Each structure stands twice: as C-alpha cells, then as structure tokens.
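J.: The following block contains the structure, expressed as structure tokens.
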Amino acid sequence: MSAGGPCPAGAGGGPGGSSCPVGVSPGGVSMFRWLEVLEKEFDKAFVDVDLLLGEIDPDQADITYEGRQKMTSLSSCFAQLCHKAQTVSQINHKLEAQLVDLRSELTETQAEKVVLEKEVHEQLLQLHSTQLQLHAKTGQSVDSGAIKAKLSVHSVEDLERELEANKTEKVKEARLEAEVKLLRKENEALRRHIAVLQAEVYGARLAAKYLDKELAGRVQQIQLLGRDMKGPAHDKLWNQLEAEIHLHRHKTVIRACRGRNDLKRPMQAPPGHDQDSLKKSQGVGPIRKVLLLKEDHEGLGISITGGKEHGVPILISEIHPGQPADRCGGLHVGDAILAVNGVNLRDTKHKEAVTILSQQRGEIEFEVVYVAPEVDSDDENVEYEDESGHRYRLYLDELEGSGNSGASCKDSSGEMKMLQGYNKKAVRDAHENGDVGAAGESPLDDTAARAAHLHSLHQKKAY
C-alpha cells in the first residue's frame, strides 16, 4: 500500500495529458526529486510495517486491523503533506521569479533616475553658459551673479513651485504607465493560465462523455459473453459493439479538433450533408473524391491526427487559411482520409500517413468521408458552454504556434492523449477484432443498422 503522492499543483490532466509546472526553477526540480525519494522511503517503510503486522498471531487480529487502519490514515496524511509541499514549493518559486523581475525593474528605474538627474544638471549648466554667451555677444558684461540678481525672490519661488508641480505630474504619469505595464503582464499570465484550465475542462468533459459511451458498449459485450451464443452470430454482435465504440471514439476526436478552431469561422459541412441525411446514416456521410492542386513550394495546408495505433482513422484536424486545402474548398475539418492518389490510408499509422501525404505533388486526389459528431450528441447545444454562455476552447489564438508546412504532424498529442490514457484496452481489442463502426448506447438488437454503413465503408478493417 503506497502513499501515492499526487502530481505537483498545476499539473493538468486535460487534452494534452499531464502538464509539468511552467517556469519551475532548478531548485524546484530538486525539491520534487527530494519528495520523490522521500516518498519511496515512506513506501518501503510502510510495506515493512505492513509485513510486520501480518506476522502477528491470528488470535490478535484486532490489533492487526487497528494497526492497518492507523497506517492508512498515516498514508493519507503523508500524501496530503506531499501535495501541500509541492504546492507551496511551486508558489514559492513563482514568487521568487516575480521578485527577481521586480528587482530588475527597480534597478533599471534607479539607474534611469540617476541618469535623468545628471542630464538635468548638465542642461542647467548649458543654459547658464548659453545665457552668458548671449550677453557677451550683445556687448553686455554680465556675470552669473548679475543674471541671478535680475530675478526677484518671489519669481524664484514661483519657478521652484512650478518645477515641483511639473515633477509631481510627470511622476504620476510615469507611475500610471508602470502600473499599466505590470497589469498587462499579469493579465497575459492569467490568460495563459485560464487557457490551460479551459483545456483541462474541455478534455475532461470529452473524456467523460466518451468513457460513458464506451462503458455502455463494454457492459453490452459482457452481457453478450453471458449469453448462450456461439459461432458467426456471436462474432457479428461482438463486432457490431466494437463498431459502436470505434465510431464514438472517432466523433470524440473530431469534437476536440473542432474545439481548436476559431469561433468566428464556424465549421461548415460539405454540400449535400444536411442534418436529416446525416441522421439517417448515424452522422456518416458518403465517400467523396476531392481534387487538390499543389505547387512544389507549397504544403498541403492541413493538419492531421489519428492513425491505426490510436484506433481512429486519419482525420483532418485543421485547415490552414490560404493554403491549397483551403483553396480547393472540398476538404473539411472532421473528414477521414481513406486514400490519397490511390494509396490506401485506412490501415496506416500516424507517421506513415504524414510521410505519404508529404510526398504528394501536383494534382492530388483525396478519398474522404465526413463524420458529423453533433448528430449523435444528446446535448449538442450546451455541451461545451457554461451557464454564462461561454464556450470552452482548447487554446487561445495567441498561444498557438503551429506551422502550415506540408501535412502538419500534430501527432495527436493535443486531441488523442486524453483518450490514450483511458482506452488502451479498447484500441487493443479493436485491432484484434479488425473492426470499425458506430457509437451509441442502444441495446444489442438495435446495433446492426448503426454499424452496417461503417462495415460496408471500411470492409471491416480497423484504421
């Protein structure tokens, strides 16, 4: 039994998987390593004590039980202590970084103040020298004392007050400018933090919805194992249930892809793919052939995700504006690429698909099929909106730094990692059964119609 110290505060479990704390100094890393060593020592001592309790005479089982209860409480306290220590450490290093920045800004401000004071002194000397030269040119023999004597005491005091007032006003302006800069930096940091939190919420909701569907499919498979059914009928129903799970995985990834796109440019379905026709085919459109013209110096202008190793087809996750894929107008986010120039991509892995797509030149023919995830969604209107109507997005536009060259390899770390941790068994079962298909929670007897279209489309092959 282990204390199982949790991840450092700020580590996320969103679509991008667990994220390490940003900006942790080397001291913070060593602190986490120290905690890890301490946790291992605690686990070792915990196991030793548990073994000692197991050697107590069975007649004294009450002592063993109470001892293990106390050990459980001790383990829980140690885990919470580790979590709090990690949180405090991260906050401490964040404050240290802010302190370094403030010290640097203070040093620069003090240096600027000294420079300005020297410049003012030099300007006054130059003004005094210029006045003396002016009087010398006009033939007047006047020294500095005579110039000062021309000013009345009242005028000197007024001049000093005016200079002091100007200085106060300029200090206020400089202070406001400095505060604005600090607030802008803080706002940018908070926006990035909110973007990460929104990504975690978005990914968690997608994963929870997918797991709910997959759990229903797995329960039906367990029920199928309890039936007295063998031979082709058993295999057919089993494959249909796998088809349910696979298509829902497909649709979940498409939702993640669409969540990354700009809300000002809503995703459009291909012509002829209205909601009524898509509902009849469970959100899966017909196979389309799209021609794309690409110059040698250009990329395709698309980003892809998925692959055989993830249990989903090669999906278009993003179309870059102004690139060949955008100009042709026939490709859409959510399209599954079945083939390109006659090369079958149904059974290819992600890296293989990237290589094949990057090698295409000139006139390229895509064989794609469109899948609409919202058709099968039971809460399509509010799935990613909160009570205020704000839609959860994966990333802010200014935080995205992806390139547009070729078939950009996003390696599904943004859209797929949230599924990899949950459905490795599902992917393994899918590869063994060699099947793809539809998603849903319908009873066993109702799954045939939902999976038939996908079976005919992909010849019962896993992507």
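The backbone N, Cα and C atoms fix where each Cβ goes, and this holds for glycine too.
Note that the structure is a prediction, hence the values are computed from the model and not measured.
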J.: Swiss-Prot annotates one residue of S18, S281, S405 as phosphoserine; which residue is it?
T.: S405
J.: Looking at S19, S402, S408, which is the one Swiss-Prot tags with phosphoserine?
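T.: Going through S19, S402, S408 one by one, Swiss-Prot annotates S402 as phosphoserine.
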J.: Return the average pLDDT for the domain 'PDZ' (289-372) as a whole number.
T.: 86
